[in-house]
Amino acid sequence: VNLRALTSWVGITRLLAVVLSCVAFSLVASTGDFRNSYGTWCMFTWCFCFAVTLLVLVLELLELYPKLPLSWDDFTSAFSMLAALMVFTTSVVFPSTFISSPCGGSKCARQAVATTVSCLCFLAYALEVGLTRAKPGDISSFLSTVPGLLKVFEAYVACLIFSLLDIYNHKAGLQWCVAVYSICFIITLLIIIFTIGRCLSYIPCPLEKMLVGYNALALVMYITATVLWPLYSFENNPRPSNCGRGCKWDKDLGVTFLTIFNLIAYLVDLVYSTRMVFI
C-alpha cells in the first residue's frame, strides 16, 4: 500500500475532487434536475470524474498502475485536464439552465450549493493540472507539458463545436469548416491515444518535427475556418427576434467563438512545440 498516493499534494487534490464531485451529483440528484440533455450532461460529468478519479486513487494506493499497458503519467495528466474542462463547462451550464430568477426554497438552495461545489471541484482539478505539469526540461511525460495539455484542450473544444453544429450542408464554405474541425479533432485525438498507449515510438519519422508540422497545418486550417464560418453563417442573416434557447443563430455564434479559442490554442501549441524542438 502506497499511502503517499493519498497524503501528497496531488493525492489531496484528488481526494477533494472525489468528495466535491460526489456532493455535486448527489445534490442535483435530489432536485431531479437531470432529465433533459443539459442535466444529463452535468450528471454524467460529475459521475464520470468521480468514478475515474476514485479509480486512479485506488490504483495508485495499491500500486497496481504499473501493470497497465499504458503511460500512467500521460493518462493522469490528460484526464485531469479533461476533467477540469468538463467540470468548468458544467459549472457554467448548470446554473444558467436550471437556476431561475427569482430563486427561493430548498430546491434553489441545493442548486446553488451544487453550483458552488462544482466550481470548487473545477479548482481542484485545475490545481492537479498545475501540480502534475512537467517542469522546464522534463519531457518524460508529453501530455503533462504545455503542448500535451493543449492537445486535450483542442480536442475538447472540437467536441463542443460538434455539439453546436446544426444545418451546414447547403454551403461549401461551411462544409470546409466542418472538415477542418473533423480532421484536426481526429488527428489530435490519435496523438493523445497513441501517447497514452505508448505507440508513438512506432511512427517511422521524427515525432517532434512531425508535431510541429501538424500544428502549423492545423493553425492554417483554423485560420480559414475562423474567416469562413462567420462569413457564411451570418451573411444576410441577422439575429431573429424570437431567438430563444437552442436557436441556430446562437449556436453559430458559439461555434465562431470556439473556433477562435482553438485557433489561439493551436497558435500557442505551435510556439511551444517549436521552442521544445528547435530551441
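Every residue gets a Cβ built from N, Cα and C, even glycine.
Caution: TrEMBL annotation is automatic and unverified by curators.
Pulled from TrEMBL, these are the features on record:
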- 5-137: domain 'MARVEL' (DOMAIN)
- 6-29: transmembrane segment (TRANSMEM)
- 41-59: transmembrane segment (TRANSMEM)
- 79-100: transmembrane segment (TRANSMEM)
- 112-132: transmembrane segment (TRANSMEM)
- 142-278: domain 'MARVEL' (DOMAIN)
- 152-169: transmembrane segment (TRANSMEM)
- 176-196: transmembrane segment (TRANSMEM)
- 211-232: transmembrane segment (TRANSMEM)
- 253-272: transmembrane segment (TRANSMEM)
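Non-local neighbours of the transmembrane segment (176-196) in the same chain are 70-71, 74-75, 78, 142-143, 148, 151-152, 154-155, 158-159, 161-162, 165, 168, 203, 211, 214, 218, 221-222, 224-225, 228-229, 232, 259, 262, 266; each lies 6+ residues outside the stretch with a CB under 8 Å from one of its CB atoms. Remark: secondary structure over the domain 'MARVEL' (142-278) totals 109 helix, 0 strand, 28 coil, with classes taken from DSSP.
Looking at 41-59, 79-100, 112-132, 211-232, 253-272, the range that has the most CB pairs within less than 8 A of the transmembrane segment (6-29) turns out to be 112-132.
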